[in-house]
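Undergrad: So TrEMBL lists these for the protein:
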type	residues	note
ACT_SITE	HIS187	active site, proton acceptor
BINDING	ASP42, ASN105, VAL129, GLY130, ASN131	NAD(+) binding site
BINDING	ARG92, ARG98, ASN131, ARG162	substrate binding site
DOMAIN	6-152	domain 'Lactate/malate dehydrogenase N-terminal'
DOMAIN	156-327	domain 'Lactate/malate dehydrogenase C-terminal'
Amino acid sequence: MAETLKVVVTGAAGQIAYSLLFSVAKGDVFGKDQPLELLLLDITPMMEVLNGVVMELMDCAIPLVKNIVATDDPMVAFKDVDAAFMVGAMPRREGMERKDLLKANVKIFKAQGQAMDQVAKKTVKVIVVGNPANTNGCILSKYAPSIPKANFTCMTRLDQNRAQAQIAAKLGVSNEQVSNVIIWGNHSSTQFPDVAHASVTIQGKTMSVPEAIKDDSYLNNEFIKTVQQRGAAVIKARKLSSAMSAAKAACDHMRDWFVGTGKNWVSMGVISDGSYGIREGLMYSYPVKIQDKAWTIVQDLKISQFAREKMDATAAELSEELDAALAECEA
Ligand SMILES: NC(=O)C1=CN([C@@H]2O[C@H](COP(=O)(O)OP(=O)(O)OC[C@H]3O[C@@H](n4cnc5c(N)ncnc54)[C@H](O)[C@@H]3O)[C@@H](O)[C@H]2O)C=CC1
Ligand SMILES: O=C([O-])CC(=O)C(=O)O
């Protein structure tokens, strides 16, 4: 059997973690033969709740889980970890934008970056879920300078899954028949869900999504807005933010990072190297391919004027967020 993999989940007493931990524990992410040590981090007042989660994880009696550590100490939680799901942060309520969480959440990521820098493996693979996810991801990486920047990512997979599901429903096909939908930019209402390069296979024939949908007005308006506003729509209906779908997306993201993407691409927030004219250093969602646990940005896609404007608008929001977050961290 493989060596035990150490996986930390922060915000482990919260609602996303409640779904996420079950999927991780039963092998959906790292494989059905991969033994796991689960490190669960939350804040001190949540330790009793967290203890209940630990009891339930034990009661699942899952053979892959070799050890569970529940703690309020980041230095314990991040010690020698191989993979980190950074979920612990305040969620937004109805009427808020995700960037309204910046003041409350960004310092969490500064402190956790500093702890990771000291005790995590230098190969740790990190997904930031807590909002504003892209900017928190940048801050985490900044305060963990001994860990390569490529190891820090943030989650836009939920947006990708939402976009894919909207297209599949519109065409009356199943989700796996739709591929290569792209989310550009920020996990916010300025994100750009782009299907110009996406394809769909219907009755054995593969064609581009715009060709199959035959309704550019829908794709350029209602479709984009639905995906951009989906998180808010869930909050309005549930009075709580997405949790089951967020946990599923975090699993998809991390599984693809460990296993690879094959010929398709997926969207992840990664630290920009300037690709597609985006400011270097922003955590911007791009289409990526993954092989041997390393991602590369899909290059040379043809960008229309319509797309260019949307990609730049979401980059401008990210620039503002990052500047505000850096000021907050230095205050
Ligand atoms: N990127 C994405 O696509 C999505 C991101 N989110 C975000 O994920 C985050 C978590 O959401 P939920 O689980 O619904 O919230 P929740 O409130 O149910 O759970 C958050 C947990 O984090 C804990 N926490 C707070 N500060 C912490 C710290 N310093 N260290 C460790 N744990 C800490 C809280 O005590 C709580 O148990 C929110 O910021 C939410 O907006 C939610 C859905 C999708
Ligand atoms: O909308 C929110 O605040 C939670 C979230 O990030 C999402 O559901 O995409």
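From the backbone N, Cα and C atoms, a Cβ is placed for every residue, glycine too.
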Undergrad: Could you break down the residues of the domain 'Lactate/malate dehydrogenase N-terminal' (6-152) into DSSP helix, strand and coil, giving a count for each?
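TA: Result for the domain 'Lactate/malate dehydrogenase N-terminal' (6-152), in helix, strand, coil order: 66 helix, 27 strand, 54 coil.
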Undergrad: Sorry to bug you, but what's the C-alpha spacing from HIS187 (active site, proton acceptor) to VAL129 (NAD(+) binding site), rounded to the closest Å?
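TA: Approximately 10 Å lies between the Cα of VAL129 (NAD(+) binding site) and that of HIS187 (active site, proton acceptor).
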Undergrad: Listed substrate-binding residues ARG92, ARG98, ASN131, ARG162 - what's their greatest C-alpha to C-alpha distance in Å?
TA: 19
Undergrad: Counting only residues 6+ away in sequence within the same chain, which have a CB under 8 Å from the CB of ASN131 (NAD(+) binding site)?
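TA: ASN131 (NAD(+) binding site) has long-range Cβ partners ALA89, PRO91, ARG92, ARG98, LEU101, ASN105, HIS187.
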Undergrad: Between ARG162 (substrate binding site) and GLY130 (NAD(+) binding site), find the distance joining the two CA atoms and give it rounded to the nearest Å.
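TA: ARG162 (substrate binding site) and GLY130 (NAD(+) binding site) have their Cα atoms 18 Å apart.
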Undergrad: Going by DSSP, give the three-state secondary structure for HIS187 (active site, proton acceptor).
TA: coil
Undergrad: Which of the recorded positions GLY130, ARG162, HIS187 have a Cβ less than 6 Å from any atom of ligand 1?
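TA: Among GLY130, ARG162, HIS187, near ligand 1: GLY130, HIS187.
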Undergrad: Near ligand 2, which of the binding-site residues ASP42, ARG92, ASN105, VAL129, ARG162 are found, taking a Cβ distance under 6 A to any of its atoms?
TA: ARG92
Undergrad: Can you give me the same-chain residues 6 or more apart in sequence from ASP42 (NAD(+) binding site) with a CB-CB distance under 8 Å?
TA: THR10, GLY11, ALA12, ALA13, GLY14, VAL49, LEU50, ALA70, ASP72, GLY88
Undergrad: Among the binding-site residues listed here, ARG92, ARG98, which has the most company in the form of other Cβ atoms within 10 Å of its Cβ?
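TA: By the 10 Å Cβ neighbour count, ARG98 comes out on top.
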Undergrad: Counting across all protein chains present, how many other Cβ atoms fall within 10 Å of the Cβ of ASN105 (NAD(+) binding site)?
TA: 23
Undergrad: Could you list the residues of the same chain, at least six apart in sequence, whose Cβ is under 8 A from the Cβ of GLY130 (NAD(+) binding site)?
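TA: In sequence order, THR10, GLY11, MET86, VAL87, GLY88, ALA89, MET90, ASN105, ILE108, PHE109, ASN136 meet the Cβ cut-off.
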Undergrad: In Å, how long is the longest CA to CA span across ASP42, ASN105, VAL129, GLY130, ASN131, which the record gives as the NAD(+) binders?
TA: 16
